[in-house]
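Data first, discussion second: the structure below is written as structure tokens.
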């Protein structure tokens, strides 16, 4: 798009021109866009569509042609977009384009890609599941992903302050997102602490989850290596890997349930402290530092996945796992569960609605091609999930061959158990087991670190943009306080019954709340702010407007996509179980209360905004 210096319409004296030149050293005035006659402006008088103050009126009716380009045809007008004013410090930007891409990929590709996608895929028809998965990605996940990148890049704001440019009455969405991000930090980093415990335990010749002679083992422990031809596997057998995970790392056997969690495990507390220390020194200075760290944390997992894929493909019985993973069961496509799982998987995999994409995109140059970025990063995410399925199921086929069982019997565990029990046991049976254990658990930690960097950066950007005068010069201290809050909030997940708390947070505290928040976000952008206005913003940035496909997705398909997930969750609440513990009814009520505690910010702020702002309902809710 052609770049021009705007004309100063009113000058009081000759020194005004020098002031303008000085102002442009700190702030950049970006191009003028020609809109058709009769089109609505993107904001009220004195402002432009991204909320920054304008030096000229924005529509012909704002003055006697003051904002009109004198050389243009009648009915056309110029829109001035100010990205930064001289009153504000320059916004931090990414050092390189690859810093941004790797950060987004690292955020989107997390632990769920490794354990959740393969499990959901084989559970819902194997290769047949790829059809609903791709459809949900094309019509639901990717449009939401693209929308958030475009919003963040245009308005250059975090998830709270961005609403003053879009629809102020929905500002509570930003606060809800920040609370959800805190809940995620409370339990997500604990999984990395478990992986760190495994990593530290791997630096020995004999891995501790390969023998049954340890103090935590029970009489049912069955040491079943590929060389133990005289040992048979029965229904009562428990692998040493399972006992190491349950009785040594988690120590769940010391807690009867959520009503009595027990003491904090000091080993896990130290592991989590180390994790948060790494997180702090990676994000305390902003995207300039975190953008460098992701060159390691976002690329190393792909190297490990490639190594494990090659090793897994050479194991006996690997083909059984691959066939089980991909063999299509077309009959399952007729069930609602398959489509619900596909929608939920692509949504949580790409991760719109957590404030991260808004924050990351806000540090991009104004004319960065976020459309291309959205397609690249979402494609990489989906392909990584598909690749992880081969990595997991080649090993599951090997385990089935070794135990002389069916693959579905071996693959009964989902979630973290799939990594910390089944995969850990398979690694123990490989030659050079110590090496493979070290790189595998390093990969798990780095996959988690990327997502933690992103989640906390979303909160940090939101708070710094909302309270710049208070926090802008105290970023390091604010980040330290935030990390300390997250660590203290995670202490309940480090108790003997901490695994029960992790499962509770995962099922109730984040899922339904964030889907509802994203639904409101799409409604606010598409119906209140307006798809036409949003597409004009994108055209101003990229030089081309989104096509009919994207407009239809944002206006109709995406809201229906999200309503489908919300309705299915409410109609068929999941039966939550972990190991042999079935969550009682009161824990379900507790879970819903935790979920509502974040979402309540949305209606609460609406009431506050209506009460404290003068004017009609339309003026109060839509005035920018």
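Residue positions begin at 1 at the first shown residue.
Any Cβ shown, glycine's included, is placed from N, Cα and C.
Sequence annotations record features per position, and here TrEMBL assigns Na(+) binding site to 106, 108, 109, 113, 349, 381, 447, 450, 451. If you look up TrEMBL, you'll see 1-22 marked as compositional bias 'Basic and acidic residues'. Feature annotation from TrEMBL assigns compositional bias 'Polar residues' to 40-59. The feature disulfide bond is assigned by TrEMBL to 212-221. Feature annotation from TrEMBL assigns region 'Disordered' to 1-75. Sequence annotations record features per position, and here TrEMBL assigns transmembrane segment to 100-118, 130-151, 172-200, 263-281, 293-319, 339-363, 375-400, 420-447, 477-502, 508-529, 549-571, 583-608.
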Q: Considering only the recorded stretches 263-281, 293-319, 420-447, state which has the highest number of Cβ pairs under 8 Å to the transmembrane segment (100-118).
A: 293-319
Q.
Could you check whether the transmembrane segment (263-281) packs against the transmembrane segment (293-319) - three or more CB pairs closer than 8 Å, residues at least 6 apart in sequence?
A. no
Q: For residue 212 (disulfide bond) and residue 447 (Na(+) binding site), determine the Cα separation and express it in whole Å.
A: 31
Q) Would the transmembrane segment (339-363) count as touching the transmembrane segment (420-447), i.e. at least 3 C-beta pairs under 8 angstroms with sequence separation of 6+? A) no
Q. So what's near the transmembrane segment (549-571) in sequence-distant terms, Cβ-Cβ under 8 Å and 6+ beyond its ends?
A. 136, 139-140, 143-144, 146-147, 336, 339-340, 343-344, 347, 511-512, 515-516, 518-519, 522-523, 525-527, 531, 534-535
Q: To the nearest whole angstrom, state the Cα distance for the pair residue 349 (Na(+) binding site) and residue 221 (disulfide bond).
A: 36
Q: Provide the number of Cβ atoms within 10 Å of the Cβ of residue 212 (disulfide bond), excluding the reference atom itself.
A: 17
Q: Look over the recorded stretches 293-319, 339-363, 375-400, 477-502 and say which has the most C-beta pairs under 8 A to the transmembrane segment (508-529).
A: 339-363
Q) Least buried of the recorded positions 109, 221, going by other Cβ atoms within 10 Å? A) 221
Q. Among 130-151, 172-200, 293-319, 339-363, 477-502, which stretch has the most Cβ pairs under 8 Å to the transmembrane segment (375-400)?
A. 293-319
Q. Taking the transmembrane segment (172-200) as reference, which of 130-151, 293-319, 477-502 has the most Cβ pairs under 8 angstroms?
A. 477-502
Q) Among the binding-site residues 349, 451, which residue has its Cβ surrounded by the fewest other Cβ atoms within 10 Å? A) 349
Q) the transmembrane segment (130-151): which same-chain residues, six or more beyond its ends, come within Cβ distance under 8 Å? A) 121, 162, 166, 333, 338-339, 342-343, 345-347, 349-350, 352-353, 357-358, 360-361, 370-371, 373-375, 377-378, 382, 386, 518, 522, 525, 534, 537-538, 541, 546, 550, 553-554, 557-558, 561-562
**Q.** Shortest C-alpha distance to residue 221 (disulfide bond) - which of the binding-site residues 106, 109, 447, 451
**A.** 447
(Q) For the Na(+) site (106, 108, 109, 113, 349, 381, 447, 450, 451), what does the 8 A shell look like? I mean other same-chain residues with CB within 8 A of the CB centroid. (A) 105, 107, 110, 112, 351, 384
